[in-house]
Structures are given as C-alpha cells and as structure tokens.
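Presented below is the structure to which this report refers.
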Amino acid sequence: MPSYTVTVATGSQWFAGTDDYIYLSLVGSAGCSEKHLLDKPFYNDFERGAVDSYDVTVDEELGDIQLVKIEKRKYWLHDDWYLKYITLKTPYGDYIEFPCYRWITGEGEIVLRDGRAKLPRDDQIHILKQHRRKELETRQKQYRWMEWNPGFPLSIDAKSHKDLPRDIQFDSEKGVDFVLNYSKAMENLFINRFMHMFQSSWSDFADFEKIFVKISNTISERVMNHWQEDLMFGYQFLNGCNPVLIQRCTKLPEKLPVTTEMVECSLERQLTLEQEVEQGNIFIVDFKLLDGIDANKTDPCTLQFLAAPICLLYKNLANKIVPIAIQLNQVPGDENPIFLPSDAKYDWLLAKIWVRSSDFHVHQTITHLLRTHLVSEVFGIAMYRQLPAVHPIFKLLVAHVRFTIAINTKAREQLICEYGLFDKANATGGGGHVQMVQRAMEDLTYTSLCFPEAIKARGMESTENIPYYFYRDDGLLVWEAIKTFVADVVGIYYESDQVVVEDQELQDFVKDVYVYGMRGKKASGFPKSIKTREKLSEYLTVVIFTASAQHAAVNFGQLFLGMYPEEHFIEKPVKEAMAQFRKNLDTIVSMIAERNKNKKLPYYYLSPDRIPNSVAI
C-alpha cells in the first residue's frame, strides 16, 4: 500500500501549539484518502515550534496530490493551533510543500494547496477551481468593508480587535508587545503629568526639556539642544518626521504679502525676493489644511488652539534651508502679522513653535495615520477579499499588510476614538482630527503615493539644488529596489500584458481598492483596472513602499524589508528574485551608512535594515 511521509510545522509564537486531535486527508487526482489521526505514542505532538513527521499509509493509489485537508477536533478544551506548513514525501520520492501560516480555531478544517503560485487561468481542474472560489467566498464574508467615519477610506467591519478574523489578529506575543509598547509610550510621555503641564501656562522654555526626560539617543539629544535654532528648524522639514510638506516656491502667494525689504537681512545673494524665487532658492510650507479646523474642547479646564501657518524658507549660500518669514494664519491683515528672524527673539521663536505644532498635527493625522496606516488597511482588506492564498500577488503582499488591520482596529478602539488618547493629548482631538482626514482625502491621489512623482510635484527632485534632502535620496533608492524586485516577480507569472488583463482576481483586487477603499472618487486617480505589466509593477510598488518605507520614514520601525520569514513562495525563480532584492537593499544600507559617517545628525530612517515590512511589524 502507498505510504507518504507527512511533516507538520507548528508556529513558534506564544500558544501556537495544541493538544487537540489532528486529522489529515489527502486528495489526489485518482481518489481521496481516509482521515488519518496524526499521533505518535508517548509523544506530545504539535508543541510550539515543533516540526513533527508521520507515516501515512493509504489503501490505494491517489494519483497526483492536489489538496491536503487538516481537521482539528477537541481533546479537552478548545485549543487554537497555528500551522506553518506541511510537506509531503510521496511514495515516489517527490516532495510537495503546502504553506499555511494560519490559525485553526475551534473544531475547524482547512484545505491547503501546494505552494506553487497559480493565476486563475492556471487552474483547469474542477476541484482546484472550486477550492479557489470557496476560499474567496469565505473571505468576503469575513472581511467586510465598513465606514468608520464619513469621508474616510473604508475600513474593516469590526468594532474591536477580538471581532477580527483570527488570522489577522495580533498573535499573543504581538498583542502583549503592543500593550507593552503602548504602556511604555504613556510612561515615557508621563501622559498625566504632560497634560497637567498644559493646563496652565509654562513659565520657561526650559520646560520643553521635561518632554525629553526619558529620551536618550544622540539624535533626540541633538534636537533637544538645538531646537531653537533656525538651521534645525529648516532641517526638520527636509529630514524630520514629516518631510513631505516642503515644496519649492515658484510664485509668492498673495495671501503671504512678504516683501524683499522685510526679509532682506536673510537673503545672502544680493538679489530681490522675487529673483531668489526665480532661481529656486525659496521654499514654502503651507498648513492651509488646518484652516478652520475645530480646536479640542473636550476638557473645559484647558483652552487649546490651532494655527494654519504659512512658512517661507530660504536656501542660503551653504545650501542649508532656513526660515525667513512666518504668518500664523491664512488671511493677511493687521491681526495676522508676518513674523521675521529680525523680530524680537521670543516673538520669532514662538512663531516657529506654532509652525512646529501645526506640523505635528498634520504629521500625526495625515502623513502617518491616513497616508500609511489607513491606506495600507485598504490594500490589505482588498487583498484578503479578492486574492486567494495561491495567487502570486497575495503571496507577494501578505507580509506587507501583516497586523495592519489589527493595529488600525486597536487605534480605532484606543487612540482616535471618542475619549481616546487623541482627545486627551492633541489640540485636534474632539473631532478636529476627523475633519482633517475628511479634508485630506481630497489630496489623497494615487500619484501622490508614487514616491518619485510626489517628489517632483513639490519641485524637490534636484539633488544639485537641494543637496541635503536625505528623505528624497534614500527614498528613491528604496523605491527603485522595490520596483525592480516587484517587476521580477510580475515577469515570472505574467508573460504578457494580456495575461494581466485577463487575471480577473487581480482586476477585482484593484477595483475593490478604488470602489470601496477610495470611495470610487475619480479625482483620486486610483486605477479601476490594470492593463500592463509595467502598471502592475508600479501599483504593487506603491502598496509595498507605502506600508514599509514611507511608514518607516514618518514613524521608524523594528523589523525589516526584504525579510520574508513566512515562505509563501516556493518557486526557485522567486526565491532568486528575493535574494537579489536583499542584495540590492544591502547595497543601499552600505551607501547610507557611508553617507552618515561623521554626521552630527545622521539620517537612517530609510536605511532598509531599519524599514519594517508593514506598518505594524
């Protein structure tokens, strides 16, 4: 009778093992086996991190193995189990890999296909077509779209983390990690004391040092020691946590009536302000998004305020960016003066503080929350709804949406919800942050997520004219490395543009993102369909770059681009493409490390060894 060797790998995360009964069935082209209990005498099977092997003998020839069925039955109490993969050695000496990387909950059953990635057109056998269809039908019932707030991108239909499908919840280890990090952040900020500090006026600028009391790294210390200086203020617009707002000024706006005479002491080239504009030496940051946003009124004892500043900056002869004029609101007039470096020391410093405050609000709510977290959730939900696990694009993207939906759900529970941390600690809390997202959706376009295009749109692409914009330089290197890798993978599975067009699952994924995630807004520029391999490569680069590099640049991460611990792909060409991707990323790491040598303020947020795969890893 034919005999198979079955190897079963259990996950290494907390509580991944199980004491339940595990049954296996093999489905082949010539028949289906009986259920076999996987159990070794006097042995504790399926322990956390274990790799267990079993001999399974069947009554008759099964032909080519098409599916493996795994069934879990209760032993004593319901006991979830995380199955990494199964490998099968056939009677003929062949090895077949069945990736899983999923939880089996309750008395559940999962059906696995072998690890070879397949497009819909590759499945001609009825049972495989049926498996593919049933998987998506099940997922579409589990992953439902929901409007959390009017005007927002749609999100997952779940009120709390525990309502999410088990496979996308934080595993126990990651859940504990999230709680500990959240608690640590609160401890570091001394959040209660921090809020108390704002319930009365500060007596001295030295009070700012209290915020840094538990931050101990060289960059933070340097910022703390130099934050009042114009050079540091300008540098932060290029390489700080929100390096996406500064743009080259091509024409002085009428709403900022600044003249050459006002800023003459700041101009170093003996030119008029208009001439400096023409030569590309003037830059602008406009916080018009904040104009009219309601300030936080949740605490009647604490008056909070918002500004909508316009900040004009200048590239000096040392090619450094410095501020030369600040107007704190959008409409000019006697009540809204233009502040200058020539003003009294603390007048100018306070104007810069207001700008930095506005920058914080836009960074937290738009640059970070909306344009990385919420956008990545859209891609994640659409992926789970429309791409089965056997699809090569699912295999490519799954690592980059890992825990994204979970962390966003936690945020809606604890951070940005009513009476959450935003309401307690931010001037945009109490509804202002919601208004900001609703406004910012008008500027959330597909092109704005394409890194090179976004840089060009702000007139910031010239390395010669703007030499110290490391966010741009490193970001372009990482973008190209990702795009090259993605194009390699696309080329393996799509031999022509026509194959892209005919991949209905791919087209449904892209359509889901546009129709639901982006609310079907034509002005967003998100494609409804994709017709070429080149456009598909760009689209997938946007998904991966947004979740990994862009998030790292505005947040910083722990675990790293190019590392794929879950082996969803088994094909040699893809593994080779991954290896080349890692090699390219290592080259970028070395280039950035060399650039940062001896820099007093090194920039490493986009060094690939510091870029997490997803917004939640």
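Cβ coordinates are placed from backbone N, Cα and C, and glycine is handled just like the others.
Going by TrEMBL, these are the annotated features:
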DOMAIN    2-118  domain 'PLAT'
BINDING   G17, D79, D80  Ca(2+) 1 binding site
BINDING   D39  Ca(2+) 2 binding site
SITE      W103  site 'Essential for stabilizing binding to COTL1'
DOMAIN    118-564  domain 'Lipoxygenase'
BINDING   H368, H373, H551, I617  Fe cation binding site
DOMAIN    565-617  domain 'Lipoxygenase'
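Overlay of TrEMBL feature records on the structure.
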residue: G17; record: Ca(2+) 1 binding site; Cβ contacts under 8 Å, 6 or more apart: T10, F46, E47, R48, G49, A50, W81
residue: D39; record: Ca(2+) 2 binding site; Cβ contacts under 8 Å, 6 or more apart: Y21, I22, D45
residue: D79; record: Ca(2+) 1 binding site; Cβ contacts under 8 Å, 6 or more apart: T18, D19, D20
residue: D80; record: Ca(2+) 1 binding site; Cβ contacts under 8 Å, 6 or more apart: F15, T18, W103, I104, T105, G106, R166
residue: H368; record: Fe cation binding site; Cβ contacts under 8 Å, 6 or more apart: H551, V554, N555
residue: H373; record: Fe cation binding site; Cβ contacts under 8 Å, 6 or more apart: T404, I407, N408, A411, H551, V615
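Take the mean position of the Cβ atoms of G17, D79, D80, the recorded Ca(2+) 1 site; other residues of that chain with a Cβ within 8 Å of it are F15, A16, T18, D19, D20, F46, W81, Y82. Counting every protein chain shown, the number of other Cβ atoms lying within 10 Å of the Cβ of H551 (Fe cation binding site) is 27. Cβ neighbours within 10 Å of W103 (site 'Essential for stabilizing binding to COTL1'), excluding its own Cβ and spanning all shown chains: 20. Each residue of the domain 'PLAT' (2-118) gets a DSSP state, and the totals for helix, strand and coil are 0 helix, 60 strand, 57 coil. Mapped onto DSSP helix, strand and coil, the domain 'Lipoxygenase' (565-617) counts 28 helix, 0 strand, 25 coil.
In this model, the domain 'Lipoxygenase' (118-564) carries an average pLDDT of 89.
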